[in-house]
Each structure stands twice: as C-alpha cells, then as structure tokens.
Amino acid sequence: MALEKSLALLPLLVLVLLVLGWVQPSLGRESRAKKFQRQHMDSDGSPSSNPTYCNDMMRRRNMTQGRCKPVNTFVHEPLVDVQDVCFQEKVTCKNGQANCYKSSSSMHITDCRLTNGSRYPNCAYRTSQKERHIIVACEGNPYVPVHFDASVEDST
C-alpha cells in the first residue's frame, strides 16, 4: 500500500524537479542589460595613457575566461547618457536588425583589440582611445542598451 502511494507520487516529483531545473538557472543568469554594462561601461574612469588599460579591464570584467574576446569597446560616459542613445537616431544594426541607435554626439571610448599572436590564456590587447559616435542595440522595458554594435567617426 505504501509502495503504491510512493509510486503514484513519483511522476509528480519528477515534474517538480524538471521545472526547478528549468527555472533555477535563469534566476542567476545575467540580464542582457547588465551584461552590456559589465562589458562596455566604464563611467568612472578613463585610461589616460595607460597602455595596460585593456589588459586590466578585459580580465577584471571577465572577458578572458576560457577564451580571449577579440574586440571590445569601453564607453567613458555616464550610464544615463548611454541609455539615452536608445531614443536618438535609429539606424540598422550590422546584423540587419532594426533596433540600433546612433548617439547624437561623440563619446569618449576605448577600443580594445587582441594583438596579433596573442593566445588564451595570455590575452594581450592594444588600447586605443577615441572620440566617436556609438551605435547600440536596445530592447526591453525600460528600453536600454543590450549590445554594442559599432563606433563611427563624426560625419560632419
């Protein structure tokens, strides 16, 4: 009798475990907006002439774990100014999607590019400071940047 009750509850237990296994990983997952901030925002600082800025930041922001991210851009502007780009000039993203926006003014950025011959785990980057318009993909509610698409020179 007790065995029959246990067997009757087994499918319910399996279902609960499956649901928990599906829901639980998403609870700790970084949102696309938070990932954008981690990978691209550095409002507090500017590398000045620090040649190791990219090496330090790429490592500190977890972009050299398991592989060397080939290219990354850090934006040295207040987060609210970068978020405002989502309500500026609409442009087509590199991948053809229609949710990209170009900043109306140029912004202080640092381009980090993997140097030739650099291999994981010894990721080495070239640091280049620039003043460029940025193009970001935006989504969500609130509508915020979730992807850094490009930087472009002032077209005037």
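Numbering starts at 1 and runs along the chain as displayed.
Each residue, glycine too, has its Cβ placed from N, Cα and C.
Residues annotated as active site, proton acceptor in Swiss-Prot: His40. What Swiss-Prot lists as active site, proton donor is His147. Annotation comment: Swiss-Prot describes Lys35, Arg38, Lys69, Pro70, Val71, Asn72, Thr73, Lys94, Arg113 as substrate binding site, evidence class similarity to another entry. The feature N-linked glycosylation site is assigned by Swiss-Prot to Asn62, Asn116, with sequence analysis given as support. According to Swiss-Prot, the feature signal peptide maps to 1-28, an assignment based on similarity to another entry.
Between the alpha carbons (Cα) of Val71 (substrate binding site) and His147 (active site, proton donor) lies a span of roughly 13 Å. With respect to their backbone Cα atoms, Lys35 (substrate binding site) and the residue listed as 'active site, proton donor' stand 9 Å from each other. Note on proximity: of the recorded positions His40, Thr73, Arg113, the one nearest Asn62 (N-linked glycosylation site) is His40, by Cα distance.
The shortest Cα-Cα distance from His40 (active site, proton acceptor) to any of the recorded positions (Lys69, Thr73, Arg113, Asn116, His147) is found for Thr73.
Taking only the Cα positions, the spacing between Thr73 (substrate binding site) and Asn116 (N-linked glycosylation site) is 18 angstrom. When the neighbouring Cβ atoms lying within 10 Å are counted for each of the recorded positions (Asn62, Thr73, Asn116), the highest count belongs to Thr73.
If you measure from the Cα atom of Asn116 (N-linked glycosylation site) to that of His147 (active site, proton donor), you get 25 Å.
Using a 10 Å radius centred on the Cβ of Arg113 (substrate binding site) and all shown protein chains, the other Cβ atoms total 15. Of the recorded residues, Lys69 (substrate binding site) and the residue listed as 'active site, proton donor' place their C-alpha atoms 15 Å from one another. Spacing of Arg113 (substrate binding site) relative to His147 (active site, proton donor) is 17 Å (Cα to Cα, whole number). Following the DSSP three-state reduction, the secondary structure of His40 (active site, proton acceptor) is helix. The C-beta environment of His147 (active site, proton donor), restricted to residues of the same chain at least 6 apart in sequence and closer than 8 Å, consists of Arg32, Phe36, Cys93, Val136, Ala137. Comparing Cβ neighbour counts within 10 Å across the recorded positions Lys35, His40, Lys69, the minimum falls on Lys35.
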